[in-house]
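Shown next, in structure tokens, is the structure this report addresses.
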């Protein structure tokens with residue numbers, strides 16, 4: 001069987017994702033579509049609107065054959081580390097291709113620019129440092145440095161272009177046999193906050209925003225199974241997962257932590273701990289808090305990731321230990337259909353990473369130890385007994401079928 005990999009968050013699964021799955025299968029003629037999906041928190045440092053199990057169920061209904069977990073140490077990271085973890089999992093699963101959505105739509109510029117980054121790494125890094133010292137934020141410095149070392153390069157100001165670039169770069173660095181492919185995104189942009197009037201494809205950002213107001217507003221922008229899954233979760237748990245729900249927990253953490261303790265948290269650098277400590281005293285919402293802390297050097301996304309690390313109590317030392325090899329240490333299926341099950345049966349004897357379907361077998365793994373803390377933090381907003389039930393689901397739920 002031929003497998004193609006995709007890297008996803010499905011926060012939530014919408015019509016644009018459905019198009020991506022369909023076009024991926026069409027473009028690659030793959031027998032099995034494998035999705036590596038972020039678990040409880042996303043790459044931009046946000047709680048997923050519903051848990052991974054619900055999102056995995058949406059994925060199966062949308063045409064994915066096998067959903068595997070991208071654990072927290074790679075999921076809540078810069079694009080580079082996010083890609084390293086995802087590619088290592090797809091490589092372990094013997095995927096022949098990786099197909100991602102992008103604003104560009106052609107794979108050649110991704111390959112050319114990725115090769116430039118790999119083979120001129122030191123030159124690029126030095127240029128980035130020069131721009132950062134001038135007070136420019138990392139994302140902008142990265143783009144400027146890339147232009148300096150190779151004028152005819154990919155537009156990395158677009159979020160899906162930058163992710164795609166790092167997928168290709170990770171493939172090269174890991175010497176993987178995976179062949180990268182890309183599909184041009186249609187209609188909605190990644191950060192659009194409004195729902196389009198004359199189309200049925202909207203960004204996940206706008207869908208999450210309007211779910212806070214009315215479920216009915218988003219029905220035309222998501223597959224029916226997604227809509228039903230969202231409604232069922234809201235009816236059962238009486239909440240969506242978003243930063244405002246977690247803000248009291250974050251505030252408690254910051255108020256009771258010493259500055260020295262905050263300094264140990266992943267991604268905390270350059271004295272930002274003092275701004276965090278000062279701003280939390282008067283902040284009455286997560287949005288107000290981040291607005292008070294944000295600087296030119298610290299983007300909203302980076303601050304959200306820092307806040308996620310504070311909430312989950314993940315330190316620099318823990319992260320460094322977990323991802324030192326730049327590769328995942330296990331493959332954890334979350335959901336599969338018959339095609340996905342048959343594919344796993346075919347490849348599992350040859351896999352170099354353990355295939356784990358029960359969390360108790362990963363208790364001593366550094367990556368899973370962080371993933372476990374993230375799950376515990378994620379379910380903490382739920383009332384009892386729902387909170388305890390959600391924790392048990394993490395440890396006992398077999399892959400959905």
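Heads up, the Cβ atoms here are built off N, Cα and C, so glycines get one too.
Among the features that Swiss-Prot reports, ATP binding site is placed at 7-20, 101, 160, 185-186. Just so you know, the Cβ of residue 19 (ATP binding site) picks up 17 other Cβ atoms within 10 Å once every protein chain is counted. DSSP assigns residue 19 (ATP binding site) to a helix in the three-state reduction.
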Using a Cβ cut-off under 8 Å and a sequence separation of 6 or more, which residues in the same chain sit near residue 7 (ATP binding site)?
35, 36, 70, 82, 83, 86, 90, 98, 100, 163, 167
By the DSSP assignment reduced to helix, strand and coil, which category contains residue 7 (ATP binding site)?
strand
Counting across all protein chains present, how many other Cβ atoms fall within 10 Å of the Cβ of residue 10 (ATP binding site)?
25
